[in-house]
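These notes concern the structure reproduced below.
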Amino acid sequence: MTMQEHTNDPALDFYQFDLLLTPEEREVRDRVRSFMQREVKPIINEYWEKGEFPFELIPKLAELKVCGGTIQGYGCPGLSSVATGLVAAEMAKVDGSVCTFFGVTSGLAMSSIYYCGSEAQKEYWLPKLASMEKIGAFALTEPHNGSDASHIQTTARLDGDHYVLNGEKRWIGNASFADVIIVWARDEATNQVSGFLVEKDTPGFEATVMHGKIAKRALWNAEIKLDNCRIHAINRLEKARSFKDTAVVLANTRFGVAWEGVGHAQAAYEMALRYSQERKQFGKPIAGYQLIQEKLVKMLAEVVAMELTTWRLSVLRDQGLMTDGQSSLAKMNNSAKARQIVALGREIFGGNGLLLENHIARHFADMEAVYTYEGSNEINTLVVGREITGVAAFV
């Protein structure tokens, strides 16, 4: 099936979502779609099963020239939020591990520098990260502080013209091989959360790959130990003065995770639809049975709702109108709905849905990670609740 046929098939684009996109957005989407189908899909099952990352893809990903997303200048592509979201969706549609690897360096790491860094920090790091000459990581989560991120225990102490970092981080994507890691730590002088640029091989910094995951297995998450890790004071993110600044970064990357949910859901629906038309039981394709059609229609209904909601969120973001609650609602709803959709897709595949060769199994497993990270369902619910009631109910 060609990209054009795929786009115009009413069973796959039921509400003609394609017509909402600009020619530039369609071009970016098709470019990434072609790359993922050609370069990633044929190899990813093997890497996922082994729990290894396909490093040979990084130079090829760089050639797409989409790293940095919406960031203007500094060698970044300056895409619309819709185009940036479509990049995430198309990557997730083929593989969640590659999608998250890219989202961490292009989204979380680069956004931290863009929103919180000094002009010198932006001029030095953003072009290198945009070209993927350098890879970034974002270290916020700790062993004992996940959702309660504002109370992180990692500390930063000013000692002359250096900061000394001590503490632990966990679940940090890319950290074991990234060139620069954005470490969020509590400044002992102010008791506020600040961000610090820690380069790999800095003495006192150690990142160890985590093993035994059931989701995003080709993504290398790491545990970080900071043991009197000394960095020059110029590596403190100049505008990261409290957790409110960290939250700005998270709010501006969360929309991308909402799009990731769209991609996983689209993949599950499209694969299940195609499989149901090809798989025969009791003498005819299973697509001809009422219970299978019910599942497919439920999946489709949620997919189109997710597409349209996330598109609207992205338009609001480009207009400067997106709120924290809006991005949290999209992430919360999309990850919950996509989790249901991949489960329905796996059901339609029956036992064959448990085999990596049919791809649906990866989406089924990977959505467990998407459902949890970038704000759990519960935390995002409370962000939305605070916005609509005016009352914070986190504790």
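Backbone N, Cα and C define each Cβ position, glycine as well.
Per TrEMBL, the feature domain 'Acyl-CoA dehydrogenase/oxidase N-terminal' maps to 22-133.
Marked as domain 'Acyl-CoA oxidase/dehydrogenase middle' by TrEMBL: 137-229.
Annotation comment: TrEMBL describes 249-388 as domain 'Acyl-CoA dehydrogenase/oxidase C-terminal'.
Across all of the domain 'Acyl-CoA oxidase/dehydrogenase middle' (137-229), the predicted model scores a mean pLDDT of 95. Look at the domain 'Acyl-CoA dehydrogenase/oxidase C-terminal' (249-388): DSSP puts its residues at 121 helix, 4 strand, 15 coil. Helix, strand and coil counts under DSSP for the domain 'Acyl-CoA dehydrogenase/oxidase N-terminal' (22-133) come to 83 helix, 0 strand, 29 coil.
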